[in-house]
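Only one structure is covered here, and it is reproduced in the block below.
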Amino acid sequence: MSDALARVLAARPRSEKQQVRRAALYAALVAVASVALLALSGWFLTAAALAAGAGTALAFNYMLPSAAIRLFAIVRTGARYGERLASHDAALSAIARVRPALFAALAATPVARALSLSTGAASTRLVQDAGAVETALVLRSGTVGGAAAILSGLALVALAGPLAVLGVMGVAALLMAVSWALSRQLEDSGRAVLREAEWLKAQTAALVEGSAELRCYALEDWAVARIVDGGTALAAAQQRDSDVRAAIEVASPVAIGVGAALALVLAAPHGAAIAALAALAAAMALDGLAPAIRHVTQAHAARAAYARLGALLDEAPPATLPAVSLEPDLVLYGRAIAPPARIALRGVSGSGKTSLVERLVGLRPAIAGEVSLGGVDIALLPASTLRAAFAWLPQDAALLAGTVRDILVLGRADAPEAAVWEALEDAAFADRVRAMPHGLDSWIGDNGASLSGGERRRLALARAYLKPAPWLLLDEPTEGLDTATAQTVIARLDDRLRRHGQGLLIVSHAPLALVLDGEITPASPPAAADHHSVLFVA
Amino acid sequence: MAATTQNARAGAHPVRRGRPTALAVGSAARGSTVLLLGDAVAAILFAAGIAGGVAALARGMPAWPWALLMVVAGSARAAALWGSLRLGSRAAATAKSALRRTAARAALRRPSGSGSVGALLGAVVDEVEAIDGYIARFLPARQAAALAPMIVLAAIALASPVAALILLGTLIPFIGAMVLAGGAAADQSRRQFDALARLSGLFADRVRGLPVILAFQGEARETERLGQAAREVAARTMRVLRVAFLSSASLEFFAALSVALVAVYAGFALLGQLPFHAPEQLDLVRAFFVLALAPEFYAPMRRLAAAYHDRQMAETASARLAALDAAGTPPVGEGLAVVAAPAIVFDHVTIRYPGEDRDAVGDVLIEVRPGEIIALVGPSGSGKSSVLHLLLGLVPAQEGRVTVNGAPLKEIGSVAPFAAWAGQAPVLLAGSIADNIRLGRADAAPAEVAAVAAAVGLEGALTRRVGGLEERLDHRGGGLSGGERRRVALARALLKDAPLLLLDEPTAHLDAAAEAALIAVIARACVGRTVIIATHSTALAAIADRVVDLGAAA
């Protein structure tokens, strides 16, 4: 298991540790009580019959065994309930730690790697992989239960002599070995299931996002067929997986039949009562191995999930560099600028303006010698320092799902109400929010689903305004806006820059009615270096 | 009129609501059930083997023939179980495939703006998978649970009617406990499913929005938010499990109690110490047979209880899938044959999105003549894109009517079959640029694809790439700029060669020179077609025969 995953799993609070111990204890109690219940019942019946036959029925102590039988019945029930609750509680609480840790790790990985993980893949990590690990954790107590079952069973079989013990032990060892060997196949088949599930999710996400276009090109049936094909491939992988599982499950009844028969025959010299006890104890001991087999099975099946979660968690650097505080002076392609300067980034379509912007906010690897901040080349600065320096309006105006307020607080968590409305006003979006049924608390769907393109952009602009950074970094702030609104937005931007003293770096194809201090044309990056893009699709 | 058509269609493709659609494949699981009944019969043989063996030893006879019976019976149980598991999983695969097709279709046809991608993803993948256990385990277990205990009980009654009565007696309180627990569990299970779907949707959204979260340094807060959602899932799951475990504990209790009671009864009967007069004379072989078989009486019901969670998952999932099905499915086009540039009339049309309190578009009146180029302009939010979505059948008109060549849009459903469209956020699938353009017309020759790519000015983008048109894009669109994406969408639209062309901001993200070049391409493409362009660009609007200002109309 990966170190990082092991650390997250091991960072359990005391209550969880207690639950793990409790689950193991209860599992052992269940196993011992099950074995004892049936073995004692068998011995009791046979001994009673023999006593009756021998005419010693009155001397036979029937109170103790019959009370013990009832006690074991109650203990088994209560302990099994306790085991289930404790093991699930512990596993669920562990997974509730793993899930946010995955996101934190994703956010801390090198950006190019983090952004190349598709929504479908990320969702598979969170739901399927975490689910597989959760199941394996739930079954941990099965090992203790299995051990307790086989030990208590063998202790009882020992009454029938060492030969019977050896026989039952051999059957148990064979059962575990066969289960282990079959379980190993689950590693491959389990990996295939996860791979197919991930592919299906990635396909489905891409197709569902483009449903409008699919409609137009009459590709809906084609898209449905693609999704169904993905489902069929998943089903085939699941089939191989469940066939292996069926084979493992089937090993148990065979072992029980053979083990009990062997115990009966080998215990014959010790009399019918002991033989009955030994046969039933052997049967229940082998039956009690089932939880241990399930654990072995799931541990193998979840190995791929463990590995993938571990890989994701391991990629995050253990500690991020601390943000350093620098003067906000920029040197861009050799030109020194400082707030409140207003600079336009120019260049023909596709010349790399947006790439430069994304390098400035640390979403692409910096190019040494291109830009320096506070006298330090940004290639040497931690992303957190860069990000603190720029309030960014992304070209695609991406929004998180949530309310208007949720979206805006990303800019500044502790923003007072007045600052929020000022930002909305400056983005020419305040009237629209006032007209919404719940004002700031109105729900905006996935990536601004209920807003038009221009509305999304203005909301994203207000979010950038709210962030207290020395530089405003606006990528196409008037794209998708009509002329009148665009003029209002630019006029208010002008006013806002004057009030707040922020500097401005702006990318715009449209001519701007804004007084600027100059223009900079980014040098086009070499195609090969920029080849693996991390650009983000709405 | 439209309503009748829709009803007729609904009749042809009935949507089963509330119950798992996959119930239809119940018959496929029947083989699995029969094998589970075979397992019960083999269990009786096993009990007979062990009882016969012990009794033989008590009489001083060899036990090995009976031991052989035990081995054979154990193997028979294994074979029955094996077959049952395999049949069940195959039946589940068939059911899931059918259900996935329905879910995928509904997800793709939902009205635009309704339902998040994360939620739809959950529906098409996770919720369909939730049916698996229902078909593979629950259905066979339920059918077996009705018959197998009766078979076991009959065998026990042959050996000892009193023991059979004891087992029946413990069954009655058990059923009461199961009924009480079942109702409470269903509600909890639904809430747990909602919580998991919410977590999954939230995670998908935050991964998609990761660049923004990183740039705004919101990692810590979003991690905490996800942590909260994850803890909520854990808490809700525990609540569901507590109820589920309680019902299985009551089952265990009665199963254990029945074994204990049978053992004590049989022991006392053999000793002749019963406090009442039993109507039967028990001997060792009968007593032992009854004891060994007693746990098998409850085994099918325990199997059913173990699969009960599968049923609740399936019911919750299928209710959610049915809701998706009901929300989606706008009428599908009936194949209006349009080969030449069509005439389109918007007659006092109003569009309002579900859950919104204002019209996206109010009272639009446009008459588009065949071959005419219309530019829709107006302030952002005035509903330019909505008008195009209306034609595609992605949003319904609240009021008024739209006709295409005189046929009401409500009846033909969508102009999609004879329209080409370039939208604001073009779909880019993993595959080559050529593959992505070829979505416009699947059978286009490579030369045609190359021609449209050149026509829309994609050469610049292509020459920068090693593989040119065949270069593979990743799922995020692999480094295509905003302008290049629009060009891919336009190339697709040109490739389709349809008599109706719908363009949504085709020149956004372009500088003046690039825009002028693209406008020339668009102008050439407009010849002989009816064209509706939503745009802010005055230069683009200038090629239109008529400019409709939606801001003025509203």
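For all residues, glycine too, the Cβ spot is worked out from N, Cα and C.
Where the annotation comes from TrEMBL, it is an automatic prediction and has not been curated.
Beyond its flanks by at least six residues, the transmembrane segment (A:23-45) meets 62, 65-66, 68-69, 72-73, 75-76, 79-80, 82-83, 86-87, 90, 140-142, 144-149, 152-153, 156, 273-274, 276-281, 283-285, 287-288, 291 of its own chain at Cβ-Cβ distances under 8 Å. For A:23-45 (among others), the entry in TrEMBL reads transmembrane segment.
Per TrEMBL, the feature domain 'ABC transmembrane type-1' maps to A:23-268.
Annotation source TrEMBL lists transmembrane segment at A:51-75 (among others).
The feature transmembrane segment is assigned by TrEMBL to A:137-157 (among others). Note on the transmembrane segment (A:137-157): residues 9, 20, 23-32, 34-36, 39, 83, 86-88, 90-91, 94-95, 164-165, 168-169, 172, 263, 267, 277-278, 281-282, 284-295, 298-299 of its chain, located 6 or more positions outside it, place their CB under 8 angstroms from a CB of the stretch.
As annotated by TrEMBL, transmembrane segment applies to A:163-182 (among others).
Residues 157, 160-161, 163-164, 167-168, 171-172, 174-175, 178-179, 182-183, 274-283, 285-287, 289-290, 293, 297 of the same chain lie 6+ residues outside the transmembrane segment (A:246-267) yet bring a C-beta within less than 8 angstroms of a C-beta in it. For A:246-267 (among others), the entry in TrEMBL reads transmembrane segment.
Feature annotation from TrEMBL assigns domain 'ABC transporter' to A:307-537.
Within the model, the domain 'ABC transporter' (A:307-537) shows a mean pLDDT value of 84, rounded to a whole number.
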